[in-house]
Amino acid sequence: MPWSQIYSEFLAWCHIAGSVAPWIGSFIYHLFMNTERGSLYYHRLLKLDMVGIWVSQSFGALPMVCASVFCLGRPLQWLLILCYCVFAISGLCKAMVASSPWKRRLCFTLPFLMRNLLCILRYSSYGGGSPQAMGSVILQVIQDLVSVIGGAIGAMNIPEKWFPGCLDMYLNSHNIMHVLVVLAVYFMHQATILDLVWMASGVCGPDRHQIQHPTSHMQEEL
Ligand SMILES: [Zn+2]
């Protein structure tokens with residue numbers, strides 16, 4: 001983290017929490033899922049896994065949300081950020097009581113749609129965010145979409161249902177989904193650092209395309 005150049009330490013910590021939470025949740029879930037303690041124990045582990053994903057999609061996305069609305073008027077900024085928080089919290093509440101894998105995945109639809117709309121806002125003249133991060137943000141949205149597809153193939157057990165017994169160790173749908181999530185978080189990390197540095201510059205409008213970022217300096221030095 002380029003701590004000396006970033007806009008807000010709170011947002012930086014949100015990003016760090018969002019980047020590590022899915023690994024902690026999934027790691028604990030997968031490590032203990034095979035113990036024979038009954039369904040209640042298993043469902044508690046599953047909830048922990050869900051909370052990890054939720055922290056990643058809510059706190060982890062907060063710097064991107066704040067950067068996207070950065071150039072709007074204060075009341076509108078807070079309204080949109082509040083909207084995202086409400087969508088994220090209601091998604092968590094629904095995910096905690098969801099009865100099937102499909103329902104659990106659908107709980108994250110609203111925050112996901114809002115992130116996509118914010119991405120469109122970034123491309124308009126009203127939007128904010130580092131212009132350099134836009135490529136990464138688009139990639140992250142694509143990865144987001146791929147994660148949704150990953151979730152869908154997981155719920156449908158594709159491709160392991162076509163090759164019974166052959167993909168138990170690797171290349172099954174859950175395995176593929178986790179690899180896609182690694183990619184998504186990697187792109188989120190790249191885009192978030194650029195956004196945090198851009199917000200510190202505070203330049204909105206057409207001028208924001210002229211800002212030099214620490215990574216471009218680094219590339220020049222290299
Ligand atoms: Zn998993």
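Every residue gets a Cβ built from N, Cα and C, even glycine.
Since the structure is predicted, the reported quantities are computational estimates derived from the model, not experimental observations.
What TrEMBL lists as Zn(2+) binding site is His30, His174, His178. Neighbour count (other Cβ atoms within 10 Å of the Cβ, all protein chains): 16 for His178 (Zn(2+) binding site).
Residues or ranges marked as transmembrane segment in TrEMBL: 6-29 (among others). Outside the transmembrane segment (6-29), and at least 6 residues removed from its termini, the chain residues within Cβ reach (under 8 Å) are 45-46, 48-53, 55-63, 66, 178, 181, 185, 188-189, 192-193, 196-200.
The transmembrane segment annotation in TrEMBL covers 50-70 (among others).
Residues or ranges marked as transmembrane segment by TrEMBL: 76-97 (among others). Residues 47, 50-51, 54, 57-58, 61-62, 65-66, 69-70, 103-104, 107-111, 114, 118 of the same chain, all 6+ positions outside the transmembrane segment (76-97), place their C-beta atoms under 8 angstroms from a C-beta of that stretch.
The transmembrane segment feature in TrEMBL is assigned to 179-200 (among others).
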